[in-house]
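Student: Copied straight from TrEMBL:
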{"type": "TRANSMEM", "residues": "81-101", "note": "transmembrane segment"}
{"type": "TRANSMEM", "residues": "108-125", "note": "transmembrane segment"}
{"type": "TRANSMEM", "residues": "131-148", "note": "transmembrane segment"}
{"type": "TRANSMEM", "residues": "155-181", "note": "transmembrane segment"}
{"type": "TRANSMEM", "residues": "187-208", "note": "transmembrane segment"}
{"type": "TRANSMEM", "residues": "220-238", "note": "transmembrane segment"}
{"type": "TRANSMEM", "residues": "258-283", "note": "transmembrane segment"}
{"type": "TRANSMEM", "residues": "295-313", "note": "transmembrane segment"}
{"type": "TRANSMEM", "residues": "333-352", "note": "transmembrane segment"}
Amino acid sequence: MAAVMTAAAVLYLLHSLLRFRNFEAKGYDLGIFDQAVRQYALFKAPIVPIKGEDFHLLGDHFHPIIAAFAPLYWIWDDPRVLNIGMIALLVSTALPVYLVVRRWFSHLPALLAAVALLLFWPFQALVNWDFHEIAFGVPLIAWVIWAIERQRMWLAVGLGAVLLLVREDMGVTLIALALVLAFKRAWLPALVTAALGVFGYWFAVELVIPHFSAAGEFGYWEFTALGPSAGAAMLFLLTQPWNAVVILFDDPAKVGLWALHFLPLLLLPFASPYVILGAPILLSRLFNDRANVWSVIYQYDAILAPIFLLAGFDVARRMIARWPRLRPLSVGLPVTVITVGLVGTLAFPGVFPLQRTVTGDNWTMGERALAHQQVTDAVPDGVCVEAADTAVPHLVDRTSVGLNGTTDEDALTWIIIDDTVEELGGSNPLSPEEAFARAERLGFEPVIEDAQGLWLLHRDAPASSAATQDCAEYLRR
């Protein structure tokens with residue numbers, strides 16, 4: 001088991017570090033979380049220039065748990081510490097999965113389950129995303145299932161409560177956990193968990209986020225297919241459930257998401273109560289207005305992987321108990337997932353991105369990465385700079401950096417523009433043409449021109465300017 005976890009950690013870390021070296025890591029999300037956790041490490045509020053001027057990240061999402069990684073910056077002041085920390089979280093998830101499956105079966109199926117989890121596409125997608133707060137929830141949810149199977153229901157409640165610190169929508173996941181506990185006839189723990197879930201969601205969405213948000217409200221109601229508000233959505237789900245089901249399958253990307261989650265698991269999770277734990281997260285994506293969250297290439301699925309995998313094994317053990325001749329299923333289930341993972345890693349890099357590291361495709365630093373290096377090296381320390389999304393992670397440790405169009409124009413002295421992309425990132429992204437026009441209006445002059453599509457521009461600013469002094473102060477205690 002130690003060898004499996006070590007091998008996964010080495011592969012994940014190699015892929016992550018190569019992404020960073022090759023300038024494939026991005027401001028969204030590695031740069032954002034670096035700025036937030038770095039400010040926590042400096043005992044400051046999580047102000048994130050990448051998101052906007054004086055943008056407080058707790059006004060965006062409720063994820064105070066990321067402050068747990070602040071001490072890592074006291075050891076190594078580099079955004080890659082977040083990669084390392086996240087990989088540790090993902091790899092550690094194999095342990096509760098192993099323990100649960102071993103309790104149900106034996107060592108071999110449990111070991112294969114751990115391999116299947118670590119090779120499965122949701123984990124690969126999150127490693128390829130560099131960092132996201134959902135990583136904290138991945139081992140937590142697996143330990144919740146372990147606690148339930150050990151009949152430690154109050155421990156499951158406690159672990160579930162910690163999920164509330166991961167993200168505001170974990171309150172809904174706690175309500176799902178309450179249903180699972182009720183199914184297990186743990187009535188009082190179920191009641192307490194449901195109450196915690198309702199309170200946690202209300203506290204995050206109605207109090208904390210509006211308090212820190214410049215708009216004064218939670219800005220992520222994106223379920224207009226269900227209704228203009230949460231109340232309208234609940235009414236729609238209760239009165240038109242058939243139409244709600246249609247929405248879950250109304251796009252090929254949604255069908256693909258269903259297929260990639262459940263076909264490798266032989267559709268078994270649908271017969272387990274544990275599938276309820278993953279329902280709020282999966283359904284919230286499928287009901288979402290944003291088409292990108294239906295895709296399998298983002299970070300959202302990692303927390304679902306241990307839930308659905310253990311749900312599959314839960315059904316397998318009950319089938320085997322009833323029909324002993326199905327005993328090979330205990331090995332066949334993880335072998336199927338492993339086979340999908342291996343074939344996918346070798347043949348489908350769009351869904352299984354570790355393929356590039358396994359085959360060596362990303363081992364060499366290309367010309368564009370070298371151009372990135374040239375441009376970022378030319379930016380001095382302690383300045384306010386706007387940068388291309390792929391340049392941001394290489395500037396967060398020594399500048400106050402935002403994306404194009406997000407920084408106080410009085411403070412801005414350096415700009416990096418990437419003319420090879422359609423949009424330059426952020427909530428209201430500029431096009432390269434708009435960014436160049438803005439730079440010209442502000443009096444910027446080229447320093448490096450068209451280095452593989454990258455432009456570095458500069459203008460002088462008064463040394464006594466209060467705005468420029470704020471840039472230098474951003475990374476100081």
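Glycine residues also receive a Cβ, built from the backbone N, Cα and C atoms like all the rest.
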Student: Take a look at 108-125, 155-181, 220-238 and tell me which one has the most Cβ pairs under 8 Å to the transmembrane segment (131-148).
Tutor: 155-181
Student: Counting CB pairs under 8 Å, which listed stretch among 108-125, 187-208, 295-313, 333-352 touches the transmembrane segment (155-181) the most?
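Tutor: The stretch with the most close Cβ contacts to the transmembrane segment (155-181) is 187-208.
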Student: So what's near the transmembrane segment (108-125) in sequence-distant terms, Cβ-Cβ under 8 Å and 6+ beyond its ends?
Tutor: 1, 4-5, 8, 12, 90-91, 93-95, 97-102, 260, 264, 296-299, 301-302, 304-306, 309, 313, 330-331, 333-335, 337-338, 340-342, 344-345, 351-354
Student: For the transmembrane segment (333-352), could you work out the same-chain residues 6 or more beyond its ends whose Cβ comes under 8 Å from its Cβ atoms?
Tutor: 109, 112-113, 115-116, 119-121, 124-125, 260, 264-266, 268, 296-297, 309, 312-313, 316, 358-359, 361
